[in-house]
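Accompanying notes for the structure given below.
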Amino acid sequence: MNQGILTTNSTISSDTGIRTEEMLLNIGPQHPSTHGVFRLVVKIDGETIKEAIPVMGYLHRGTEKLAENLTYTQIIPYTDRMDYLAAMTNNYVICHAVETMMGLEIPERAQYLRLIAMELNRVASHMVWWGTYLLDLGAMSPFLYAFRDRETILDLFNELCGARMTFNYMRIGGVKWDAPPGWIDKVREFVAYMKKELNNYHALVTGNEIFINRLKGIGKFDQKTALDYSLSGVMLRSTGIKWDLRKDEPYCIYDRFDFDVPVSTDGDCMSRYHLRLAEIEQSLRILEQALDQFPSEGEVMGKVPRVIRPPAGETYVRIESPRGEIGCYIASQGKDKPWRLKFRRPSFTNLQILPKLLEGENISDMVAILGSIDIVLGEVDC
Amino acid sequence: MRDLLQQTPSLGNALWFFLAAVVLLVILLGFVTYAIYFERKVIGWMQARIGPNRVGPLGLLQTVADVAKLLIKEDTRPKHADKALYALAPILAYAPAFAVLAVLPFTETLQFADLGIGILYYIALSGITVLGVITAGWASNNKYSLIGGLRSAAQMISYEVPLVMSVVGVVLMTGSMNLREIVLAQQDMWNFIPQFLGFAVFLVAAQAELNRTPFDLPEAESELVGGYHVEYSGFRFAMFMLAEYVYMFGMGAMVTILFFGGWLPIHPALSFIPGIVWFAVKLLLYVFLQFWLRATMPRPRVDQLMSFAWKVLLPVALLNILITAVVISYQSGMI
């Protein structure tokens with residue numbers, strides 16, 4: 001940790017002669033608005049933040065190192081525990097990396113199941129974000145509405161793979177379970193419901209004067225800063241850069257669907273709020289098309305050797321998670337375990353800009369800015 | 001009650017006064033108990049959940065159980081807290097909350113002190129509570145408490161100004177600061193119609209005075225983890241909670257008296273319903289509004305809150321005084 005922050009200055013006002021002093025405030029690791037075990041040391045002058053240093057690692061489990069002693073299939077459940085709000089995308093990125101190395105063919109039905117699972121998970125993840133963000137800003141009810149609707153998605157996942165959060169659903173070469181009978185219809189029902197419900201979300205929050213005043217122009221940065229800090233996902237798109245890997249480097253079967261990438265040029269918290277809700281809308285659009293095209297029968301596991309040994313060499317794949325670009329780098333020596341594995345975690349990368357954004361802001365804006373980055377501590381600490 | 005007030009003091013009527021105060025306290029505690037219960041229940045319904053339903057039938061004893069828990073809880077105090085002030089703060093916050101109730105006329109006859117300056121008494125005493133809040137924030141020796149305490153000091157002082165100003169219109173119309181006379185002057189029309197500007201300012205400023213959503217910044221749990229009472233536990237914490245709800249009762253009564261005709265019925269034809277029922281209904285509607293707002297509103301930022309008080313509410317309140325004064329002078333032929 002940077003020791004420089006630990007010195008606080010005191011100044012004597014030239015007008016009044018009153019001595020004021022800066023104060024160090026520890027926000028977290030147990031604080032309701034850090035969304036997990038994240039700690040922020042801030043130096044404040046009154047309620048203005050002078051300097052902020054994020055301290056993390058409270059949830060570090062050494063996933064990457066542990067993976068070196070695990071077979072590829074065994075790594076999958078570990079990825080569930082990284083971004084636990086969107087475990088499906090994490091499942092996918094490791095499977096996708098190994099499949100790319102081995103050049104495996106994925107059956108059509110498995111592709112669709114993967115895509116539906118990932119998009120449902122994106123909707124669920126954004127809903128958690130929406131609810132908790134409003135909770136941070138002092139509004140209680142949106143949280144419960146969001147969790148009520150997310151419950152439907154979790155129930156769907158429960159039927160699909162028997163878990164509500166740590167799914168462990170995907171396998172190298174396909175998915176573990178086929179959709180149970182009637183599942184696709186239930187998803188279709190949910191998508192139709194959610195499209196209507198989204199209007200309620202907007203009606204409840206989006207136009208609220210207090211809410212707009214809290215977010216407009218807060219946590220602002222421009223395109224260059226976004227690129228310098230290698231931000232991705234909504235953080236990047238809020239500055240006007242249209243970059244979504246589902247569109248620009250299509251993986252899975254995303255090239256078959258018609259959807260937009262919402263962008264904004266404001267670069268503030270408000271634009272990020274709008275983008276996330278717009279992304280839910282687009283995900284629902286993708287889901288609608290995917291459900292219509294869903295093959296009525298077929299295998300869900302491709303032809304995969306019994307022991308998975310990717311050829312020696314390196315590979316890096318990246319996909320669009322709800323939080324941004326999640327990447328997986330694998331260095332293989334042709335064994336059944338990776339020689340080195342590395343995840344590029346969007347939460348971690350996006351978090352780097354936090355000290356810069358907090359400088360000179362009010363403490364109340366701290367929760368608004370931190371919330372708008374949308375971090376998951378399991379992924380930050382990995 | 002009024003006859004009692006007129007008597008010369010003696011041991012006998014002192015006892016009656018004491019008994020009446022105890023009865024009021026019991027009623028008040030009953031109100032607080034069920035205000036908390038209904039707050040949780042109503043917000044629960046608004047948020048598509050059930051709310052408390054485990055303790056007693058329909059969960060009616062939930063708050064009783066909660067209070068019992070608070071009473072038998074260990075009374076902790078931070079090591080470096082200022083002992084004397086730490087103990088004083090909850091009392092300082094609570095005592096005025098109960099004292100203000102003395103001047104409230106619940107019906108034409110049911111009133112504990114018929115002061116000529118009822119409004120001033122209420123406002124002056126309720127202003128003391130902020131001292132309790134600052135003291136608590138300071139004495140706890142906790143940075144979050146301190147910020148919470150200072151926030152509420154700034155907020156409550158800022159909002160007291162428009163709150164008082166908004167009542168001036170009502171006082172001008174009635175020509176009295178006596179709360180009973182203010183109600184009686186509303187026989188023909190309730191004050192919230194001619195005084196709609198004052199009413200709006202009062203409603204908003206009252207929200208900030210009560211530290212209720214959307215102006216619950218002093219205890220903003222997502223930023224300050226509870227604000228000034230973060231270090232308090234057990235009964236001391238209960239005192240703060242109690243003060244907050246008693247003020248809700250007091251503010252509800254004030255709104256009823258100043259703007260909604262107190263115990264007066266909505267139409268003279270309905271006067272067979274006792275005045276106390278009318279009063280209770282109006283007060284409870286205000287309390288319901290509190291729950292509703294709490295379930296709906298996010299929270300503004302500190303500086304936005306301050307500039308709103310000084311740049312919006314205060315000018316509107318002053319404008320209201322001006323308009324009221326001009327209209328009254330015109331009606332009485334002075335202009």
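Note: Cβ is positioned from N, Cα and C throughout, glycine not excepted.
As recorded in TrEMBL, the features of this protein are as follows:
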{"type": "TRANSMEM", "residues": "B:15-37", "note": "transmembrane segment"}
{"type": "TRANSMEM", "residues": "B:85-107", "note": "transmembrane segment"}
{"type": "TRANSMEM", "residues": "B:119-139", "note": "transmembrane segment"}
{"type": "TRANSMEM", "residues": "B:159-177", "note": "transmembrane segment"}
{"type": "TRANSMEM", "residues": "B:189-206", "note": "transmembrane segment"}
{"type": "TRANSMEM", "residues": "B:245-266", "note": "transmembrane segment"}
{"type": "TRANSMEM", "residues": "B:272-293", "note": "transmembrane segment"}
{"type": "TRANSMEM", "residues": "B:305-330", "note": "transmembrane segment"}
Considering the transmembrane segment (B:85-107), which listed stretch of B:15-37, B:189-206, B:272-293, B:305-330 counts the most C-beta pairs under 8 Å: B:272-293
Long-range environment of the transmembrane segment (B:272-293) - Cβ separation under 8 angstroms, sequence gap at least 6: 35, 38-39, 42-43, 46, 106-108, 110, 207, 210, 212-214, 248-249, 251-253, 255-256, 260, 262-266
Long-range Cβ neighbours of the transmembrane segment (B:15-37) (under 8 Å; 6 or more residues past either end): 1, 4, 52, 59-60, 62-64, 66-67, 98, 101, 112, 241-242, 245-246, 248-249, 287
Intrachain neighbours beyond the transmembrane segment (B:119-139), with Cβ under 8 angstroms and 6 or more residues off its ends: 81-82, 85-86, 88-97, 99-100, 102-104, 145-150, 152-153, 156-157, 160, 163-164, 167, 171, 177, 179, 182, 209, 218, 227-229, 232, 240, 243, 247, 250, 254, 258
Chain residues outside the transmembrane segment (B:305-330) and at least six past its termini with a C-beta under 8 angstroms from it: 154-155, 158-159, 161-162, 165-166, 168-169, 172-173, 194-195, 197-198, 200-201, 204-205, 208, 215, 217
